[in-house]
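> Attaching a single structure in structure tokens format; questions to follow.
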Amino acid sequence: MSLAVVFLLGFLAVSHGQQAGTETEEYHLPLTWERDGSSVSASVVIDSNWRWTHSTEDTTNCYDGNEWDSTLCPDADTCTENCAIDGVDQGTWGDTYGITASGSKLTLSFVTEGEYSTDIGSRVFLMADDDNYEIFNLLDKEFSFDVDASNLPCGLNGALYFVSMDEDGGTSKYSTNTAGAKYGTGYCDAQCPHDMKFIAGKANSDGWTPSDNDQNAGTGEMGACCHEMDIWEANSQAQSYTAHVCSVDGYTPCTGTDCGDNGDDRYKGVCDKDGCDYAAYRLGQHDFYGEGGTVDSGSTLTVITQFITGGGGLNEIRRIYQQGGQTIQNAAVNFPGDVDPYDSITEDFCVDIKRYFGDTNDFDAKGGMSGMSNALKKGMVLVMSLWDDHYANMLWLDATYPVDSTEPGALRGPCSTDSGDPADVEANFPGSTVTFSNIKIGPIQSYD
């Protein structure tokens with residue numbers, strides 16, 4: 001998930017490689033959540049990709065705009081040695097990143113104009129302690145949270161999801177990474193993102209290509225791949241939950257074909273980029289979610305996801321909603337030729353939705369529900385983010401995509417195919433926000 005931030009002032013540091021600078025003391029934003037009925041006092045850390053990347057010797061920017069400094073970074077090894085990331089203090093959370101928290105409530109703002117910076121979107125991870133991410137084991141568990149997506153227009157995505165990041169952010173694997181989870185290192189997902197400034201403890205500067213439509217981002221030769229369980233990708237118009245699997249275990253750097261980049265290599269990589277998705281609008285239930293819908297995006301709602309095994313491996317990912325004192329079962333769908341409707345993600349559902357929509361079943365090819373089960377058993381890190389889409393304008397979530405298609409499954413939401421241009425949403429909807437709260441994990445409950 002590609003997000004962007006630009007800073008106009010650097011910080012002083014005295015470290016080498018993907019290590020933490022010492023000028024600014026790191027502060028993690030407090031956030032409470034609930035495990036098995038007991039409150040947990042925890043915190044979140046901001047992704048290292050949002051941090052200032054600068055020379056270890058002075059305040060010279062290693063990364064400026066969407067390019068690496070050619071003197072400090074003539075090659076990746078030299079860049080890794082010359083450049084460092086720095087801490088985020090308490091005031092920077094709100095003033096620079098537009099992120100605030102109170103109790104169990106976390107609010108992410110879209111565009112934040114700080115004294116020295118303009119921040120676009122954000123991505124944070126839940127911590128277990130100062131140096132490690134919280135690892136969630138979701139099999140035979142129920143995960144729930146409240147979300148207010150009412151202030152997210154077409155083209156934005158307020159997401160909550162799990163990925164197979166390393167608990168320590170990669171410090172035990174990569175000797176050049178000593179910043180670790182404390183500084184938000186080690187992000188990965190099933191898209192094998194190339195926009196990470198550091199991957200596997202090394203600067204991703206080799207082959208770096210600045211984006212032609214994002215003044216803050218670019219792509220390097222390396223990508224960072226891992227399993228991804230999208231619990232919630234949504235704005236006020238559309239939503240989905242999606243399982244993505246990979247043929248590799250855990251955090252895996254990639255290059256070349258293994259990254260499965262868009263185009264001819266998309267299905268040749270190590271991860272399933274399409275995923276097996278359950279999206280009510282795409283499945284024909286156009287009145288189920290949205291402003292004034294059965295699940296009304298105009299007010300806060302509770303999202304419940306159950307990971308059911310039946311005593312074995314994962315066999316069902318079930319979705320339930322609560323709003324206004326009512327329990328709302330997930331929208332059901334019938335595919336032609338099926339006797340019984342589906343209302344959850346199962347192996348059979350994934351086969352049938354790919355068949356009906358004519359999509360490549362890369363989910364099955366990369367491991368299917370068994371692969372997802374293995375990833376959940378090993379544990380995953382919780383991510384919350386707000387972003388716009390410089391590749392496809394978020395049309396895959398809330399509009400018709402591909403834009404000229406009339407085939408089943410192309411209609412994914414009510415938004416116009418002209419919507420979602422990042423330049424437009426950043427200029428016209430800078431005050432957009434998403435709020436997550438009341439995060440809980442516990443035994444599976446009955447909601448009949």
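Backbone N, Cα and C define each Cβ position, glycine as well.
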> Which of these, ASP89, ASP274, ASP404, does Swiss-Prot list as part of the substrate site with TYR97, ASP119, ILE120, LYS197, ASP230, ILE231, TRP232, GLU233, HIS244, ARG266, TRP396, ARG412?
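The record-listed residue among the candidates is ASP274.
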> If I look at Swiss-Prot, which residue among GLN18, GLN90, GLN322 would I find recorded as pyrrolidone carboxylic acid?
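Swiss-Prot records pyrrolidone carboxylic acid at GLN18.
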> Between CYS62, CYS154, work out which one Swiss-Prot annotates as bonded to CYS83 by a disulfide.
CYS62
> Going by Swiss-Prot, tell me which one of CYS226, CYS246, CYS350 is disulfide-bonded to CYS271.
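Answer per the record: CYS246.
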> In Swiss-Prot, CYS192 is paired in a disulfide bond with which of CYS225, CYS226?
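Going by Swiss-Prot, CYS192 is disulfide-bonded to CYS225.
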> From the disulfide entries in Swiss-Prot, identify which of CYS188, CYS254, CYS259 pairs with CYS226.
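Among CYS188, CYS254, CYS259, the cysteine that Swiss-Prot links to CYS226 by a disulfide bond is CYS188.
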> Most Cβ neighbours within 10 Å: which of the binding-site residues HIS244, ARG412 is it?
HIS244
> Just to verify a number: CA distance, ASP274 (substrate binding site) to CYS73 (disulfide bond), in angstrom, no decimals.
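On Cα coordinates alone, these residues lie 34 Å apart.
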> Among the recorded positions GLN18, CYS62, CYS350, ARG412, CYS415, whose Cα is within 10 A of the Cα of GLU228 (active site, nucleophile)?
none
> Which residues of the same chain, at least 6 positions away in sequence, have a Cβ lying under 8 Å from the Cβ of GLU233 (active site, proton donor/acceptor)?
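When sequence neighbours closer than 6 are ignored, GLU233 (active site, proton donor/acceptor) has ASN157, ALA159, TYR161, GLN239, SER240, TYR241, THR242, LEU397 within Cβ distance under 8 Å.
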> To the nearest whole angstrom, what is the C-alpha distance linking ASP230 (substrate binding site) and CYS73 (disulfide bond)?
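Between the Cα atoms of ASP230 (substrate binding site) and CYS73 (disulfide bond), the distance comes to 35 Å.
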> Quick check: in three-state DSSP terms, what is CYS79 (disulfide bond)?
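The residue in question, CYS79 (disulfide bond), is helix (DSSP, three-state).
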> Check the Cα distances from CYS254 (disulfide bond) to each of the recorded positions GLN18, CYS73, TYR97, CYS192, CYS225, CYS246 and keep only the ones within 10 Å.
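Those close enough are CYS192, CYS225.
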